[in-house]
Amino acid sequence: MGGIGMAASDGGRSYPGKLTRYVIMTALAGAAGGLIFGYDLGISGGVTSMAPFLEKFFPEVHRREEGATSTNQYCKFDSQILQLFTSSLYLAALFASFLASSVTKKFGRRISMMMAGSIFLVGAALTGGAVHIAMLIVGRILLGIGVGFANQSVPLYLSEMSPYNYRGTFNICFQLMITVGILCANMINYFTAQISGGWGWRVSLGLAAVPALIILIASFFLSDTPNSLVERGMEEEAKAVLKRIRGVENVDVEFEDMLAARNEARLVKNPWSNLMKRKCYRPQLVMSILIPFFQQFTGINVIMFYAPVLFKSIGFGSDASLISAVITGVVNMFATSVSIYGSDRWGRRSLFLEGGVQMFIFQIVVAALIGSKFGISGNVTDIPTWFAIVVVACICVYVSAFAWSWGPLGWLYPSEIFPLEVRSAAQSMTVAVNMLATFVIGQFFLTMLCAMKYWLFIFFACFVVVMTVYCYFFMPETKNIPIEEMTQVWREHWYWRRYMSDPDDPVNRPGSIAMTRSNVNQV
């Protein structure tokens, strides 16, 4: 099978292979797991801006909106129950990610992806057919469990299946699929809002079954990763898969590194205990907590799952708010391709830094625009067309910055930095922090908007400053480093190397991959 050749030149080790059609198709099929997360991010905001949906499940909010011509625009959607509809999914995903860690480790990445699609499918049926609020929330919880399993397993799957020098490109396909899901959801919301009879929201929620079926069906045809197969003792099958995805017969060097990583992993009896206690994992653990936290506190989900509500709150009409959400969805999807192209060329760190600066600038601009028009009172009845265009344009520039930096790299970076023995547990930690932060944003954003007004955008801009400074000083570059040799990156960092000297840690024992690589670099 034809493909692009590759060879490692860093540190004297070589992984021969080709960028094969098989690994491309496998990565794209696996990345489809991002569709379920993206679809939900996009669908919830549109549905909660539909009058028939509000009238049925949140009548108090509906009455407030209908009589809101002279009411504070910042506060008309402020409802804890309405926010619970959005945020309950992310709380469920948080707890599901810990269960998914065990399933992913014991049964493989593919099984977790299969479970994600199955559970999400049931949740879609319940929310689409909901007749009361309890049924709606239970459906959202099941959707959240599906998201938890997908977000835990898919980034690992992509990082382990990809050739090391294309790992960024393939892993970012997960984020690309998230953006595709968001865009599809925004477009579906626009058209279902036009359905007469008031049942369009059921179509929007029920169509979540489509991305669920895509990942469920795809998972039946995917191979598990060679790393996972080796970890579970299926060495012959693992080597066969490795040969197929690399397109060459000689995979001995890479396979030997996998075996060595597996042997080190077997010395670790309790990954969670080791992840929390061992000094050698401290740098990666800090990153796996701060990166997903900062990713959500960029304020991006204010735009993603509350875009129609946000635009409606600042005076756009119903159709205009949905169209604006579609526009930001298109920008989000196409801007992600910049990261697909550049993450393995320009590096993760440079994209993190550029994206942070751009997001900060345009959050300040958006805050200034909204503050100048609405002030503190929020009482505005007429929004000029030019003002609406400028606000949407500035939000689109902000979204584009996130889409090629913190969006995709927030999933890529944590999935590639941990050694095999704690990788599954660490990914669950990343997902859990991400979902906890998303839950907080989803549950309290509308209340915060009511209380803080346009200062809310300044609030998120402050986090952007902190995280950009942090990345500048403490984030090592990981591009073009084989995943089983990543420990060396931390050994060479000016700050983190002080945590990489625990002699009792498996990676520091004679014969380990890290020590062998360190010796090679000293020759």
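Using N, Cα and C of the backbone, Cβ positions are placed for all residues, glycine too.
Here the domain 'Major facilitator superfamily (MFS) profile' (26-479) has a mean pLDDT of 86 out of 100. What TrEMBL lists as domain 'Major facilitator superfamily (MFS) profile' is 26-479.
Summarising the annotation, TrEMBL assigns transmembrane segment to 21-39 (among others). Within its own chain, the transmembrane segment (21-39) is flanked in space by residues 1-3, 113, 116-117, 120, 143, 146-147, 150-151, 153-154, 157-158, 161-163, 170, 173-185, 207-208, 210-212, 214-215, 218, 221-223, 244-247, which lie at least six positions past its ends and keep a Cβ under 8 Å from the stretch.
Feature annotation from TrEMBL assigns transmembrane segment to 81-101 (among others).
Annotation source TrEMBL lists transmembrane segment at 113-135 (among others).
The transmembrane segment annotation in TrEMBL covers 170-193 (among others). The list of residues near the transmembrane segment (170-193) in space but at least 6 beyond its ends in sequence, with Cβ under 8 angstroms from a Cβ of it, reads 23, 27-28, 31-43, 45-47, 50, 154-155, 158-159, 161-162, 200-201, 203-204, 207, 211, 304, 307-308, 318-319, 322-323, 325-326, 328-330, 332-333, 336-337, 339-340, 343, 403, 407-409, 411-412, 415-416.
For 199-222 (among others), the entry in TrEMBL reads transmembrane segment.
Annotated transmembrane segment per TrEMBL: 285-308 (among others), in sequence order.
Residues or ranges marked as transmembrane segment by TrEMBL: 320-342 (among others).
Feature annotation from TrEMBL assigns transmembrane segment to 351-371 (among others). Within its own chain, the transmembrane segment (351-371) has Cβ neighbours under 8 Å at 298-299, 314, 339, 342-343, 387, 390-391, 394-395, 397-398, 400-402, 404-406, 409, 453-458, 460-461, 464-465, 467-468, 471-472, 475, counting only residues six or more beyond its boundaries.
Here TrEMBL flags 383-407 (among others) as transmembrane segment.
The annotation transmembrane segment is assigned in TrEMBL to 428-448 (among others). Residues 77-80, 82-84, 86-87, 89-91, 93-94, 97-98, 100-101, 144, 147-148, 151-152, 275, 285, 288-289, 291-293, 295-297, 299, 301-302, 305-306, 309, 410-411, 414-415, 456, 459 of the same chain lie 6 or more positions beyond the ends of the transmembrane segment (428-448) yet place their CB under 8 Å from a CB of it.
Counting same-chain residues at least six beyond the ends of the transmembrane segment (454-475), those with a Cβ under 8 angstroms from any Cβ of the stretch are 287, 290, 294, 297-299, 302, 348-349, 352-353, 356-357, 359-360, 363-364, 366-367, 370-371, 374, 406, 413, 445, 448, 495-496. The transmembrane segment feature in TrEMBL is assigned to 454-475 (among others).
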Residues of the parent chain within Cβ reach of the transmembrane segment (113-135), under 8 Å, 6 or more residues beyond its termini: 30, 33, 36, 57, 81, 100, 103, 141-150, 153-154, 157, 202-203, 205-209, 211-220, 222
Interface check, the transmembrane segment (320-342) with the transmembrane segment (199-222), three or more C-beta pairs under 8 A: no
